[in-house]
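Written out below as structure tokens is the structure these notes cover.
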Amino acid sequence: MRSPGAQDNVSVSQGMRAMFYMMEPSETAFQTVEEVPDYVKKATPFFIFLILLELVISWILKGKPSGRLDDALTSISAGVVSRLPSLFFRSLEVTSYIYIWENYRLLELPWDSTWTWYFTFLGVDFGYYWFHRMAHEINIFWAAHQAHHSSEDYNLSTALRQSVLQQYSSWVFYCPLALFIPPSVFAVHIQFNLLYQFWIHTEIIRTLGPLEVILNTPSHHRVHHGRNRYCIDKNYAGTLIIWDRIFGTFEAENEQVIYGLTHPIGTFEPFNVQFHHLLYIWTTFWTTPGFCHKFSVLFKGPGWGPGKPRLGLSEEIPEVTGQEVPFSSSASQLLKIYTVLQFAVMLAFYEETFANTAVLSQVTLLLRIFFFILTLTSIGFLLDQRSKAATMETFRCLLFLTLHRFGHLKPLIPSLSFAFEIFFSVCIAFWGVRSITQLTSGSWKKP
């Protein structure tokens with residue numbers, strides 16, 4: 001999307017304002033896609049700052065944190081997984097857009113026009129509304145979106161719970177804009193539209209007064225994330241809630257919202273979170289008789305079944321009582337601290353990988369990605385208290401030492417190398433003993 005040096009042109013002020021769509025057209029006008037800064041990457045420090053700020057404010061106002069550690073780790077893990085494809089290729093949304101622009105555009109609006117800027121703002125938001133709506137109303141699209149709704153908490157970390165598959169369905173809805181809007185303008189607004197949706201994932205902000213009429217707000221988006229019957233298939237807006245008001249999908253927040261999927265998945269394992277609904281579709285597709293019914297399994301709503309309306313029956317959605325207890329890990333606090341520590345180590349190498357992709361060999365890049373995936377899976381197993389978690393963690397720590405020894409994982413601070421070797425050696429010994437104990441006792445065979 002951009003040239004390597006472009007992100008350095010984004011100031012701290014711009015990075016923060018981009019998250020609230022408070023940028024001037026004149027400061028975000030670029031002639032080519034390569035000039036467009038990576039606003040999302042530049043916003044990473046603000047993500048962290050606002051998550052911590054929300055945590056502090058929640059402690060002050062409610063006397064408790066805004067979420068749970070296990071759920072937050074799973075949400076951030078989903079965000080980590082969703083970014084991995086970008087190590088190899090540009091976003092499909094932008095790639096497909098550029099292709100249509102270069103081959104099929106009908107006219108060319110000026111890239112430096114204020115009118116083009118605002119028209120693109122409306123066009124991208126309108127496209128997002130219809131993508132988001134279809135992501136809830138078409139089962140195969142829902143499989144590429146449901147990961148975002150799987151959290152039973154609602155806080156800023158939930159915003160990071162993104163699907164690795166979503167961009168492979170969303171690109172279609174922006175293609176009409178490519179007939180006349182330059183890719184550089186689109187590349188700016190597709191990022192701003194995403195960034196705006198970060199801060200609305202919070203319970204701290206109750207209402208924004210008159211702005212509730214026009215903008216998508218935390219209150220409106222809380223409804224969207226609810227599994228109460230009145231919340232289902234409502235408030236699809238990205239930035240402007242007017243689309244929901246126009247097309248009849250608006251619902252105001254009027255009772256306690258219970259968050260998550262209508263049928264909670266009960267796991268913190270990141271790839272189960274990402275792909276469990278695809279497995280459900282696969283099973284349902286092959287067990288449903290008739291070509292027409294099989295077609296409906298894919299392209300009607302997630303709640304559809306033979307003899308039911310396209311989006312299913314609302315009375316089949318489980319009632320909520322307000323007493324629902326979110327799925328939580330039974331792991332000890334010490335083990336949770338351990339998972340946070342291992343996650344932090346992984347995240348440091350993850351960010352360093354993105355910063356230095358151009359100078360890393362393909363072998364190193366692939367080995368690192370495998371390590372990242374294994375780390376997130378192992379953390380999920382530990383939080384789920386799976387019987388094979390100790391064995392997986394033993395192998396993961398051994399893999400780290402191997403990659404470290406052969407130079408595929410080098411800490412930014414060279415003096416930490418010895419500390420890492422000691423720490424991971426101790427981890428191998430601990431988890432290795434646990435694995436042997438489980439193997440000899442027979443508990444390893446349990447799920």
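Just so it is clear, glycine is given a Cβ too, placed from its N, Cα and C backbone atoms.
Here is what Swiss-Prot says about this protein:
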| type | residues | note |
| --- | --- | --- |
| DOMAIN | 119-249 | domain 'Fatty acid hydroxylase' |
| MOTIF | 132-136 | motif 'Histidine box-1' |
| MOTIF | 145-149 | motif 'Histidine box-2' |
| MOTIF | 221-225 | motif 'Histidine box-3' |
| TRANSMEM | 43-63 | transmembrane segment |
| TRANSMEM | 111-131 | transmembrane segment |
| TRANSMEM | 170-190 | transmembrane segment |
| TRANSMEM | 340-360 | transmembrane segment |
| TRANSMEM | 363-383 | transmembrane segment |
| TRANSMEM | 413-433 | transmembrane segment |
Inset, instruction - Go through the chain and flag residues at least 6 beyond the ends of the transmembrane segment (340-360) whose CB is under 8 A from any CB in it; none is fine as an answer. - result: 4, 41, 44, 69, 73, 76-77, 80, 83, 87, 368, 371-372, 375-376, 378-379, 409, 411-412, 420
Inset, instruction - For the motif 'Histidine box-2' (145-149), give the DSSP counts of helix residues, strand residues and coil residues. - result: 4 helix, 0 strand, 1 coil
Inset, instruction - Could you tell me how many residues in the motif 'Histidine box-3' (221-225) are helical, how many are strand and how many are coil under DSSP? - result: 4 helix, 0 strand, 1 coil
Legend entry - Overall pLDDT of the motif 'Histidine box-2' (145-149), taken as the mean: 98
